Structures are given as C-alpha cells and as structure tokens.
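Below you'll find the structure, written out as structure tokens, and then a few comments.
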Ligand code: WTA
C-alpha cells in the first residue's frame, strides 16, 4: 500500500467484521436481484444494451453498444438518438404521470415550492426557448452558477433539451474560479441568482459573476439572473436579464430535438493533481443509462411511492447524476433543500424527512459525522420511520459513522449502500445491492453488475485477498468520462498511462478475505475535505500567488469531522513573518482565489520544506507533522536535517 496513513486505516479496518444480511422481507421484494450479476457476467455489452433500452426512451435505436476502437476514447450506444430532457420530463407526462411531484423544494428560510412533472416540463420548455432566444445553440456552453433552487435543475435540463453543454460551477467558488471555468469552456451564457440564504442571512452570488466578467476578453454575451433573496444587485444593461422577464415570459411550447448518443451533455470541473482544474466531459446516452440503472437498483427505487432526497449540492457530480438526471429519468419525486443542516436548528434535516416522508436519503459521511457530534437526541425528536434505505457517497465512511447512520437514522433496519464513484465515472461503480448483498460497515464491497474493477499492485497485477493496492477499472463503462475538455492528452496521461489498458482511479483500496473492496482514500495529490475534492497543488499555487509567500506545501491531514482538512506549510518572504495577521490574510487570499471551502484549516510557518534530491516536496513527511506524528522515513531527503529544523520551528 502506497502511504503510511492508508496502511494505518487498513490495519484498523482488518478488525471490522460485522455483517448485515438483508432482511427476508427486503430481499423478497427487492428491485435488484443476484441474477443481475450473472446476466452481466454472461454478456456484459448485451446487459448494458438491454438496460439502456429498458430504462430510456430512444428516439432512434442504437446500432452498436460500444465502440472502443479508439481507446481510451469510448463511444457508447453508437448510432442512437436521444434527448435527455425528454427522458427526464415529457415522457412521464405522456405516460399519464404529469401530476406526480417531481420536486419538493424547501428553501432555507422555510419557504417551499412544488413542481409536478407537468409543471417542471413546462418550466424547462420555457427556459429552452429563452436560452435559444438569447442566441444559445446546440453545442454552445452555458455556465450555471446557482444556489440550490429549482432553477438550477431547470437550467440544466433546458440546456440538455437544446443540446447546449452546461458547466455548473459550485456557488461556493470564487469569482476567479468562476472566470477560469467560463474561459476554459468559452461559455456564452451565465445563469445566476441575486443570491441565496446561508445560515439565516442573505448571501450574495451575482457580485461574483460581475467580478468574474469585469476584465475583458471573455466570451459571455448574457447573464440571466434569478431573483431569490431580493437583495439589490448591480446591473449591466444589455448583458443582464432577469429570469422572470426572459424565461417566465417565454413560450411553453418547445419540441425536444434528438441528439446523438455521444452528444456532450455537460462539463464539470474537478480538481486534479496539477493546479489547473480539469473539465470532465460527459455525453448523453451512456451517462443516462448508467445513472438511471444505478439509481434504480442501488436505491431500490419505486417511482410511484418513494420520496428520494440526495442532500448534495448541484455544483458537484453527485448533484448532477443523482439530483438532476437519474431520479427524474426514473420518474421519482425528489426533495431539494437550499440551506445548511443547522439552520434554523440542528434538526433541520430530520424535520424535512418527517415532513416529506422521505424514503431514501443519500448523504456524505462528513454530514453523518457532524450529526454524530451534535448528538443522537436531535434526530430522536423526529419521526424517521418513512426511511427505508440510506446511501453514502463522497469519501470512505468509517464503521462508527456507518453504524450510527443505520442505528440512529435508519432505526436499525435500513440497508446502507456505500457507493464509490467519481466525477470521472459519472455514475456509481462499487456498491452493495440492497436486498442482495450482506453489507459490511465501512466497505463499498462489490462492483455493480456490468462494471469490472480490481485492486492491483505497482505493476498492475491483481492483489490477493487481504492485500491492498490501487483501485482500477478494467473495462470501459457507459457513464465514463469521454475526455477532458480541450485536453485529450491530459485525459490519456492522467487516467490511462499508469497501467496498461486499465483506468487508474487515484484511490487506494484493499480486498478483504471475501474479496470485498474497502476504499482507503486518494493516493495522489487530491484531498477530500467534507466530500469535496481539492487539489494540493491548486491551493499551493493560490498561496504562492500572494506576495508574502515564498514557497508553500499543502497536505490533507485526517480530520474527525471533515475526513481531511487542509493544512498548509509556508515559507514567508522578507518582513511578512513579523505580521501577526499573516495566517488570516493568507487564508482569506485562498478563499478569494478558489473559494471558502479551500481555506486552509491551519497555516504553519516554517523555515524550509522537505525535498528530495530532485526537488520534489515530500508531503508524506509534512502529513506526519500535521497529524501529530513523528515524521517517518526521511532518508531520501536532500538535506536530512530539515525535518528537525521544521519540528523545532513549530514548537516555538
Ligand atoms: C472519494 C464524488 C470511499 C474517492 C462522487 C474518489 C469515496 C473521490 C466514495 C471522487 C466512497 C467517493 N468511499 N471514497 N463511497 N465515494 N469517494 O469526483 O477518493 O467529487 O476518488 O466524486 O471521492 O470525488 P468526486
């Protein structure tokens, strides 16, 4: 196993051997069956073709399931024609389900909105007409910078409907981060809001768009602004339009045209191992197939009766795949919540579950650990008996959090599905199947039927049970990324060059004695803070862009609540060391460059950084310090005395 930390985690997990077989009742009625594994193993491509035809409405059937002739660039469901928005909306109305609720939306201050499938279809048609009227055509890019309000989903589906490619930028990102993403994708239109509510107060959004577009040289022609919190905003005449005046005023007649199965659906930027975020590209047919398939089978979905709540933000891939697309493609009723879990009180989530009788909850371990800290008496005040299944995503879930989730939230009866996947994989890859798999606290366990993964050693050889290594995907999958926007070489190099003919996920993993997979966290320079991906290099670049900083090294140190926390080691320039506020200044600087989520939890001023003879910073040693351990093996350092020097400087 690559790093110390993963080794320790592995050691702890070896002692975890609880197992929870599905209840007879659940197993007898489960949507997923063990037969799926056999079917997929017998004819993998045939299996996916069948899933795709069953789950989606194709306007024109596909001729070939997979074209891998230009590997690692895949084409799925070749020759097929489809419209994503039609699949998520119109077809449910046509099938007589127009009155079913599509979205139960709950604003942070307690205001609510409800959209039936018929109403959501109409709203999306209007938005599609409005975007077209603003000059957006098939293939154009649209940046969506919105809070958790229904217009986020409406805008995404409107883009999909007309074949425009959306690039949703998380509302917590800064103006600079937004501008970088707008420029990289050459977006023509930006959809935003005046703001949102955060912890009981209005929180602005539009000023970041104004700041992002201040410097000339961008490609944006119009900005459509949703009025959400009613705070005053600056206005660029000619460029800015209110949503009410453009979208609400548009015609509700709009025919969904068919797009090629491989037509790009969206770009979503994610942190990689270099400073520059990668625009992960997803296309239509394969993405919809795998997300709908996993949503149905992993969540045991019954669209006519379930109320499904994915508590992620739309700005991350979980919000794309499991809020905006798959639940609606599957015709489910979803809950969408705008605010934080502790506003106006720490029982807000449980209150929402009680109110809407939520049956399926999909959340991140960091949230669960936070609730654990707040105490079990809080959820105990609410009726959570509607819950039948709980999902986890975003980072490894420790067995304690898993057990708490099951016992305290799930009443000791709900299956838990720990789903491993990534922005790049588009949809779930590894997860138990409820009703089929006997679950183990802390393990994502097995690849979904139709998906082939393994854990391999440095040379790419599968490891034996009981051993750790690198997680790989052995064959192309429908919702795989189709590339990095504008950078095919980086796509090949990042994912397909580490091992021959296998996708390198960047995660460490272990196989237990049963061959089940336990995820152990990233093995590269990507951190996972509260389930959000951050790049060490990106934060380092932000730090050194400040005049006070000569050099910086960032590590993700384990943190009880957030999984990992950003810890920065900096060497200051000249007189900056005398400035008592320098740490706060630097923290704010990172907030401005990237976004508040990237602000280091701790900034440690050091005289030197540990480097190898080739000049590579040994982050492993810094991580030891950040986690309060004795620094490990330092024999490859260019200067062996450095660690001593650093430790002493930090004691002062
Ligand atoms: C981590 C989020 C362990 C992993 C969907 C991966 C997980 C990264 C799990 C992708 C899980 C996600 N168990 N680790 N169930 N789910 N991860 O792109 O390190 O934001 O590589 O996608 O999150 O993060 P991303």
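Each residue, glycine too, has its Cβ placed from N, Cα and C.
Curation does not apply to TrEMBL; its annotations are automatic.
Same-site candidate for ATP binding, as annotated by TrEMBL with 394, 395, 396, 418, 419, 420, 421, 422, 423, 507, 522, chosen from 406, 490, 533: 533. For the CoA site listed in the record, the two most distant Cα atoms among 198, 199, 200, 201, 318, 530 lie 26 Å apart.
In the three-state DSSP scheme, residue 544 (Mg(2+) binding site) is classed as helix.
For the domain 'AMP-binding enzyme C-terminal' (538-616), the DSSP-based tally of helix, strand and coil residues reads 27 helix, 27 strand, 25 coil. Distance from the CA of residue 419 (ATP binding site) to the CA of residue 200 (CoA binding site) is 32 Å. Around the Cβ of residue 394 (ATP binding site), the same chain contributes 312, 318, 364, 365, 366, 528, 531, 532, each under 8 angstroms and 6 or more positions distant in sequence. Residue 419 (ATP binding site) falls within a strand segment according to DSSP.
Ranked by Cβ neighbours within 10 A across all protein chains shown, the binding-site residues 201, 544, 549 are led by 549.
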